Amino acid sequence: MNIVVTVKQVPDTWAEKKLDASDKTVDRKSVDNVMNEMDEYGVEEALKIKEAHGGEVTVVTMGPDKAVETIRKALSMGADKAVHLSDESLHGSDALSTSAALAKVISTLSPDIVITSSEASDARGGVMGALLAERLGLPQLTQARKVTVDPGAGKVSVERLADNGYALVEASLPAVVGVVEKINQPRYPSFKGIMAAKKKPLTKLSAADAGLDAGSVGLPAAASTVLEAQPAPPRQSGTIVKDEGDGGAKVASYLAAQKLI
Amino acid sequence: MAEVLVLVEHTDGEPKKVTAELLTLARTLGEPSAVFLGGPGTYAKAKDYLAQYGAAKVYLVESEDIADHVAAPAAEVLSKLVADTSPVAVLAAATPDSREIAARTAARTDSGLIWDATALTADLTATQGIFGGSTIVSSKVTKGTPVVVVRPNSTAPEAAPSTPAETPVDITISDAAKGAKIVDRVVEAKSGRPDLTEAQVVVSGGRGLGAAEHFALVEKLADTLGAAVGASRAATDAGWYPHQNQVGQTGKTVSPQLYIAVGISGAIQHRAGMQTSKNIVAVNKDPEAPIFEFADYGIVGDLFNVVPQLTDEIQKHKAG
Ligand SMILES: Cc1cc2nc3c(=O)[nH]c(=O)nc-3n(C[C@H](O)[C@H](O)[C@H](O)COP(=O)(O)OP(=O)(O)OC[C@H]3O[C@@H](n4cnc5c(N)ncnc54)[C@H](O)[C@@H]3O)c2cc1C
Ligand SMILES: Nc1ncnc2c1ncn2[C@@H]1O[C@H](COP(=O)(O)O)[C@@H](O)[C@H]1O
């Protein structure tokens with residue numbers, strides 16, 4: 001199995017996230033950056049599929065130079081090699097042009113299965129799996145909480161989350177699979193894994209290397225623009241009271257006063 | 001007047017409230033055309049509803065090709081409609097299925113995509129709360145037909161009865177779009193309570209409940225309020241409550257009038273799914289719990305005392 005997994009470096013979950021004042025893109029400079037938490041589940045699932053069926057796991061990311069830290073993490077978890085698409089001209093790409101760029105890189109890897117996670121915590125688009133399936137012309141198996149691969153039959157099936165349960169979805173390989181965090185428990189990189197990661201092959205591509213047209217990427221090519229950004233009005237600080245045996249009654253009075261009951 | 005395409009959100013034909021919200025919003029932008037995509041025989045259940053909320057037209061596809069495949073067939077139909085009708089915009093609900101259909105439609109029609117809009121002006125400027133609601137941006141599509149994914153509970157639905165013209169869409173879904181086939185559907189949770197994303201009141205339980213059976217406390221409170229029941233990830237991971245009820249970054253995003261958090265610490269990933277609720281009430285025995293930093297009203301106390309009393313008091317209030 002030739003398995004490709006996408007990962008993204010994002011501002012740390014707990015960091016106070018901001019937009020860059022000059023071009024209103026996500027400020028990635030003033031904060032600590034980490035692998036998108038959800039992507040750990042994607043990498044874990046890729047490794048599980050490899051362990052069950054053999055093959056190779058290739059990590060693909062698009063992001064600035066320091067996104068290599070996130071690649072290293074995926075490699076130290078156990079991925080075999082990585083491709084890093086990095087170019088100043090890519091800064092400010094929207095989800096649509098990012099998906100086109102990633103699809104271009106991924107198609108050169110001829111994967112049997114492409115794994116993404118369901119959402120990145122910075123922009124929370126939750127659309128990359130669908131967009132990659134569209135761009136690559138592959139079946140879309142997103143929102144998956146369970147994945148079963150049958151390489152012999154060339155098939156993959158998933159349990160796709162639905163409003164009141166799940167749908168069982170099947171497709172032929174190759175396919176794009178998007179995983180949710182219910183799917184597994186990501187492993188921690190071992191010391192051995194961290195050491196081994198340093199020697200694993202990493203291909204760095206510029207936009208030109210990847211065959212991307214200059215006009216198709218980055219902020220100028222984005223199909224939407226942020227006009228204005230403002231901090232949300234601060235919440236009125238709330239009333240916090242200690243229960244003295246009448247806590248429930250106090251909440252009820254509050255709700256009545258707010259005309260909520 | 002130019003058309004606005006509204007992707008109808010429904011379950012087996014039964015329209016969701018967000019459909020009425022989208023049609024109401026669409027009327028401020030142009031002439032709303034509902035796009036109903038569903039399995040054979042499902043439209044009958046939506047017909048009157050779409051008329052009641054002012055659809056001027058209904059584009060219709062009822063087929064197994066749509067119902068039994070993931071996202072791609074619906075995106076194919078919607079893209080064809082964008083090409084045929086040159087609408088001012090395409091509106092879809094911020095649900096997992098519709099956001100994927102919208103994204104693929106934007107890609108196919110070379111258009112810009114905006115997700116999680118909470119407002120949209122006549123000149124198609126969208127408002128979005130980003131970074132868990134801490135920053136408010138206004139944004140605009142600059143290319144193609146704006147495809148805008150709108151959060152449920154963003155617009156108050158207003159009826160505007162109409163007699164929509166029904167137009168079946170003449171399309172053969174490509175084989176490529178039928179790659180991901182739905183072979184079975186398994187229902188795990190059916191509660192009879194309001195839909196979590198649409199409810200005006202949500203009561204959620206977390207690890208503080210300690211055991212699955214204690215969710216009965218949360219359910220009882222919810223039922224006195226006519227509320228939906230939510231859960232933190234700690235509670236769904238423990239198997240105390242179905243994952244469909246998870247609120248947060250990787251669960252549902254809710255924006256009700258009232259959100260009551262019971263035994264939930266208020267971790268950032270939970271907060272991301274409920275922070276825009278109009279009123280937040282928290283019950284937690286730890287005064288340092290982060291939820292108190294953004295609750296409007298909080299009780300520091302044991303939920304096993306506070307919640308039953310609250311339920312009783314609400315019942316008394318209603319009876320009185
Ligand atoms: C990738 C990723 C995605 C995630 N997505 C989500 C998500 O979508 N939604 C989500 O909720 N979480 C999510 N999380 C998990 C999140 O980080 C927290 O772990 C989770 O929200 C904690 O749930 P909790 O508040 O119920 O539990 P805890 O943090 O353990 O809090 C329990 C609270 O109950 C209180 N308590 C205990 N006993 C009582 C009592 N008798 N009376 C009153 N109070 C009591 C305690 O003081 C404590 O504050 C995600 C995490 C990751 C890594
Ligand atoms: N620049 C990127 N490079 C690699 N993968 C990405 C990138 N952006 C998004 N993804 C993948 O797509 C998933 C969903 O992201 P999103 O749709 O942006 O919320 C992420 O978790 C990643 O796996």
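A Cβ is built for glycine as well, from the same backbone N, Cα and C atoms used for every other residue.
Automated prediction, rather than curation, is the source of TrEMBL annotations.
Neighbour list (B:Ile264 (FAD binding site), Cβ cut-off 8 Å, at least 6 residues apart, same chain): B:Ser204, B:Gly205, B:Gly206, B:Arg207, B:Gly208, B:Ser232, B:His270, B:Ala282, B:Asn284, B:Ile291. Taken from TrEMBL, the feature FAD binding site applies to B:Arg207, B:232-233, B:246-250, B:263-270, B:Asn284.
Annotated domain 'Electron transfer flavoprotein alpha/beta-subunit N-terminal' per TrEMBL: B:4-186, in sequence order.
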Point to revise | Filtered B:Arg207, B:Gln249, B:Ile264, B:Ala267 - binding-site residues with C-beta under 8 A from chain A | key: B:Gln249
Check your understanding: Which residues of the same chain, at least 6 positions away in sequence, have a Cβ lying under 8 Å from the Cβ of B:Ala267 (FAD binding site)?
Key -> B:Ser232, B:Gly248, B:Pro290
Review point. Which of B:Arg207, B:His270 has the fewest nearby Cβ atoms, counting only those within 10 Å, among these binding-site residues?
Key: B:Arg207
Review point. Does DSSP put B:His270 (FAD binding site) in a helix, in a strand, or in coil?
Key: helix
Review point. Tell me, how many other CB atoms lie within 10 A of the CB of B:Gln246 (FAD binding site), whichever protein chain they belong to?
Key: 27
Review point. Under DSSP, is B:Gln249 (FAD binding site) helix, strand or coil?
Key: coil
